[in-house]
Each structure stands twice: as structure tokens, then as C-alpha cells.
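Visitor: Could you have a look at this structure, given as C-alpha cells, before my questions?
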Amino acid sequence: MFKSGAWLLASKIASQAIQFLLFFIAARSLEAADFGLYAVLAAVITLLTIMAEAGWAEQLLRVGYTLPMFRMITALSFWTASLFTVLSGIAALGMFEFGNFTAAALLAVWSLSILPCTLATSYEAAFTAQGYLRTQAAIRVISEVVGLCSTVAMFAAGIGVFSLALGKVISQTLALFMGWARLGQAPSLRTSIRDAANMAEFSHHIVVNRLIIFTGSYCSTFAVAGFQSVTDAAYYRAAERLVAAVSEALGEPIRAIAWVMFRKSSVQGADQLQKTTRKMVVGTFAVATPIFITLLLYSSQLIHLLLGDRWQASAAIASVLCIRQLLLLPGYFNEPLLSVTGAIGKRLRVTMRNIVILVAVAFLAAPFGPMILAVAQCGVAAYSLFTIAALQESSGGVKWRDICKQLLTAVFPALVVMLAVAHWAGSIKTLSSVPGAAGLILRTAVTTTPYAAILLLSQLWIITRFRWNAGRRGR
């Protein structure tokens, strides 16, 4: 089981890497307007796919795999996916009537991915429910790689933005047929309204949670596209995706470690859980702060290397969004902490309120431009930090006063030194004149090394003082 789990983890990492690669290929290959169109329509298709999947596949994970249940799930998935494919086609026709020919054609092509994607998700759930994690992982990786290669080949052939939609269709269709061949069961088409009603009570929770995540991820893109232009939306989305890539790379292992440590600590009592939480939060800030500050300082150089000079408008936005992401770091611990303390039910209300505020601020700030929106997002993140800290203190037993004291004595001095060194390094011609990736790596090393040294010294001082005080009490 451990080997199968490792396969599944590896497949998720590979899938995420491929998605990032596709994103950067698109940014490199497309004009800003076409990339903005891609970003907006990708968000629309993601929303329609969430609605089409409807949480049906999770029923197999909840109750286990049986052939009647699998047939019911695939039938429900087929009809809901067909419904949203038709709705997407109608929307494409409407766009065509209003003269948006490229957008209409792209949406029509992309809508062809909804049905195979939804059914492929049902097959993934069937494999997971039966413990065939290696099979699921292999199918996912193969289909993603084929989709990536197809997209690159179509870009090379000059198909342009349609390459991304066609690559998605190819990838999901291949995943569906590979799952079908391996499981040996075709999707069923026979279901009833009664079946859907019986499943809906559980499934709607899945859909609501996914819509919350979707809204938080894409509302700014829609707001900028609506009030500014798809070109501005492209710049904003590129900056957002760059910061999100770093956040997701940090977030997944942090959440996984938090689940294990919080579960063990909760068995030992509330005091031990409180100590573990404090160490996890302080440790996360200690690790994440230099990463996001480095991205903030050198976003212009990084975007130049990854995307090219024509995307420099994204650099300032990315720098501001780094501050937002730092403020949201404690959110990584909400789910594991509140789950082990039995207070997970309180999370939805707080999350819903924060999402409503986020959406409202996004649509109020977007008319003033992407930079104002990014700054406004930092304000929302500060409010979210306050509500998250209050929830963790009241329902998770976290002592945020102690955490803030430790951050001020350990992380803050190291951060001040890091910023001072960054300012000093910027004035040295030898460092600033080194071009390309080598220059970026050199400046990053010069900036972050003092941070690590000061942080290490502060920890040694705390440990020494603790032992000295313990020795005095021992006398």
C-alpha cells in the first residue's frame, strides 16, 4: 500500500509539473490578449466541469466499489456532463452571434473535454476505492504526458491558442478509454431522478467546497477581464499563477506534515497540541518568508527568465501578491487542526464570509486596475488572517500571542537583515551586472544566506537561554 501511495503522490507531482509547464508554454507562445482569453475560458471550463462532476465520483470513495454503484455513478456523470457540454455549446453560439468568433470557437472546442473529464474522474474513483492506486497513477501520468506532447506539437504546427483546448480533450479522452479498458466496464447510461436525489445529499457538500476554492482562485481573473480587458487579465493571471505555484509547492507538504503531527499531538493532550501548532506555524513562517520575499524582490528578473520581457507588467503584481500569500500562511493549518479538535464544522461559515468579502472587494477594486486590485487583495488577506487566527484560538487552542512573540524574536530580526543585505547587494555593480539565471541565483544566495544565519543564531540563543534557566531552577 505504501508503494501504491508513493506512485499516486508521484503522479500528482508530475501532473502539477505538467500543468505549470503548459502554463508557461502558453505564456511564452501566445500574445497577451490570446493568453488572457485562454485564462478566462479555462476558468469557465473549470467551473462547468466542477458542476458536471457534481461530487458523484466521491460516492465510490465513501461507500466502496460495487458494480451497481459504479454504473449508477457513471450514468449520473454522463448525463450531468452532457448537460453542461450542451450549455457550454449554447454559450459558444451566443458569443458567435455577438461577433466573438475566436472566443466562441475556443469555448466550443474546450467544451468537448467536459464529458471525458467527468467520466474519467469516475474511473479514477473506482480504481482508488479498490486500492488500484498504481493503475490510477499510471493512467494519469500517461494521459497528461500525451496531452502535453500533443499541445506542444500543435503549437509547433501553428494552431495557437486552440492547441491548449485540443490537448485537454486528447488527454481526458485517453484517460477515459484507458480506465475503461483497464476496469473492463463501460459507462452506463441508465439512471433515474430518484438515484440523483439519493446521491445529492452527500454530493452537494463536495460541490460547495469546490466552488468555494474555485471562487477564491478565479474571481480576480473574471473581475479584471470584465472591468479592464483580457490583456490585463492575462498579466494578472500570470502573476497570480507564479505566486500560486510557490504557494502550492509549500502548502501540500506542510498540510501533510500538519495532519500527522496534529493527530499524534491530540492524543497526548491539548497542551501538546498547542506546542506542536506553535512550532508548525513559526516554522512555516521561518521557511516561507525568505521564499516569498525573494520572489517579491526579484519577480522582474524571474518573469524575464520564465516568460520574457513582454510580461514585465506582471512583475509588480506578483510582488504585491507575495505579501498576500504570506498573510494567508496560517490557513494551511485550518483543516488538520480543526479536524483533530472536532471543530471542522465552524470552518465553512468563516470561509464563506471571507470568500464573499474577497469577491466583493475584487469587483469593487478591479475598475481601478490590476495593481489596485492586488493591493486590495492584501487587505482582504489581512482580514482573513485575523479571522483565521481567531478561529484557531477559539476552536483549536492556538495561542497566537505566543506565536507572535516568537516570530518577533526569531523571524523578524532575520527578515530585517535580509532586506538590508538585499538593498546593499542592489547597489553593488558586480552582483547586479551578472546576467540571466546565474545572476538571479547569485543574488538570491547573497540575500538569503544572512537570513538563515541570523535565524540559526537566534534559535541557538533561545536553546542556550532555556538550558541556562533550567539549570538555575535545578539548583
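Heads up, the Cβ atoms here are built off N, Cα and C, so glycines get one too.
Annotations in TrEMBL come from automatic prediction, not curation.
In case it helps, TrEMBL gives these features for our protein:
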TRANSMEM  6-25  transmembrane segment
TRANSMEM  37-56  transmembrane segment
TRANSMEM  76-96  transmembrane segment
TRANSMEM  103-125  transmembrane segment
TRANSMEM  145-166  transmembrane segment
TRANSMEM  280-299  transmembrane segment
TRANSMEM  372-391  transmembrane segment
TRANSMEM  403-425  transmembrane segment
TRANSMEM  437-463  transmembrane segment
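In terms of burial and nearby residues, how do these features look in this structure?
Guide: For the transmembrane segment (37-56), the residues of the chain that approach it from at least six positions outside its boundaries are 26, 30, 73, 76-77, 80-81, 83-85, 87-88, 91, 102-103, 106-107, 110-111, 113-115, 117-118, 121-122, 161, 164, 168, 199, 202-207, 210-211, 214, 218, 221-222, 225, 230, 233-234, 237, judged by C-beta separation under 8 angstroms.
Counting same-chain residues at least six beyond the ends of the transmembrane segment (145-166), those with a Cβ under 8 angstroms from any Cβ of the stretch are 18, 21-22, 25-26, 29-30, 34-35, 37-38, 42, 102, 105-106, 109-110, 112-113, 172, 174.
Here the transmembrane segment (372-391) has long-range neighbours at 220, 223-224, 236, 239, 317, 320-321, 323-325, 327-328, 330-331, 334, 338, 346-347, 350, 353-354, 357-358, 361-362, 364-366, 398, 400, meaning same-chain residues at least 6 beyond its ends whose C-beta is under 8 angstroms from one of its own.
Counting same-chain residues at least six beyond the ends of the transmembrane segment (437-463), those with a Cβ under 8 angstroms from any Cβ of the stretch are 286, 289-290, 294, 297-298, 301-302, 305, 409-411, 413-415, 417-418, 421-422, 425, 431.
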Visitor: Under 8 Å between C-beta atoms and at least six residues away from its ends: which parts of the chain pack against the transmembrane segment (76-96)?
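Guide: Cβ under 8 Å, 6 or more out: 44-45, 48-49, 51-54, 56-57, 103-105, 107-108, 110-112, 114-115, 117-119, 121-122, 187-189, 191, 195-196, 199.
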